[in-house]
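For reference, Swiss-Prot has these:
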- 11, 12, 32, 106, 141, 256, 280, 282: NADPH binding site (BINDING)
- 106, 137, 139, 192, 245, 255, 256, 257: sn-glycerol 3-phosphate binding site (BINDING)
- 192: active site, proton acceptor (ACT_SITE)
């Protein structure tokens with residue numbers, strides 16, 4: 001069986017580590033928190049992120065970066081976007097042979113506006129890079145870890161990496177499709193987090209199904225506009241990495257982006273909401289990146305613009321909704 005190192009011990013990395021172990025692979029997880037490492041090795045749990053899940057007993061964990069790097073030739077990069085470049089650079093400094101990188105992050109880097117695969121490519125020397133791919137789609141960790149039927153997409157510039165990802169993860173409860181549009185799959189996963197925060201706000205305010213449906217539909221329209229401008233296939237946004245991920249993230253309290261938005265809609269400040277959640281909310285960082293990227297590319301993204309004002313300019317959520325509804329008349 002294949003050896004795989006999972007970098008990151010959050011909810012999704014843990015759920016996917018469990019999938020890999022149940023598929024018969026040898027899995028080592030790396031994390032900085034020694035208490036979490038000890039808990040996983042001793043109790044086979046990760047209660048901070050997956051409170052009630054009992055994990056495969058064959059999963060092992062370490063906080064030793066060198067051990068994690070040497071363990072396998074395939075790395076699952078299950079880290080927040082803002083941590084990806086730093087950890088990838090640390091990995092690169094210790095590499096002595098080629099590795100394959102599969103990431104599950106859903107964000108756009110602040111400042112550079114780069115997708116996660118581009119961040120990894122920047123950080124890993126070509127002589128050590130055997131290929132980079134992404135696994136993305138509608139997939140709450142809480143459901144994956146209890147074997148609820150889930151379907152996702154694997155994508156890479158290298159079809160062999162996409163096929164490898166499919167082979168590693170697919171089983172009777174996790175179905176994996178390959179997709180050749182790496183740009184589209186990564187953008188779909190990242191951009192839907194913006195709409196998910198906005199969707200949570202709408203729910204928190206107490207608006208009805210009409211508003212929620214309009215938000216997701218018009219959100220998908222602006223995702224597609226930016227995606228096409230950046231070289232994605234518009235059809236990708238009608239698939240698992242696009243509308244599939246959008247629906248699941250915009251309608252569920254499992255989604256930390258939706259949950260943040262809901263708390264904001266209920267009148268909480270962002271600092272208060274984040275302190276209660278104690279988790280990384282990718283949508284905040286993605287909103288900041290995409291707001292500036294859309295302006296640079298001259299792409300109209302009114303929902304993103306409105307959310308940016310709420311998150312970073314202290315504009316009230318109801319004022320932003322009013323502004324969206326009173327925009328100039330347009331054709332769909």
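Each Cβ is built from the backbone N, Cα and C atoms, and glycine gets one as well.
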Listed binding-site residues 139, 192, 255, filtered to Cα within 10 Å of residue 106 (NADPH binding site): 192
Nearest of the binding-site residues (32, 141, 256, 280, 282) to residue 192 (sn-glycerol 3-phosphate binding site) - Cα to Cα: 282
Site of maximum Cβ density within 10 Å, from binding-site residues 141, 280: 141
Spatial neighbours, same chain, of residue 12 (NADPH binding site) - Cβ under 8 Å, 6+ residues apart: 78, 104, 139, 141, 144
Which of 32, 106, the listed binding-site residues, has fewest other Cβ atoms within 10 Å: 32
Of 245, 282 (the binding-site residues), the residue whose Cβ has the fewest other Cβ atoms within 10 Å: 282
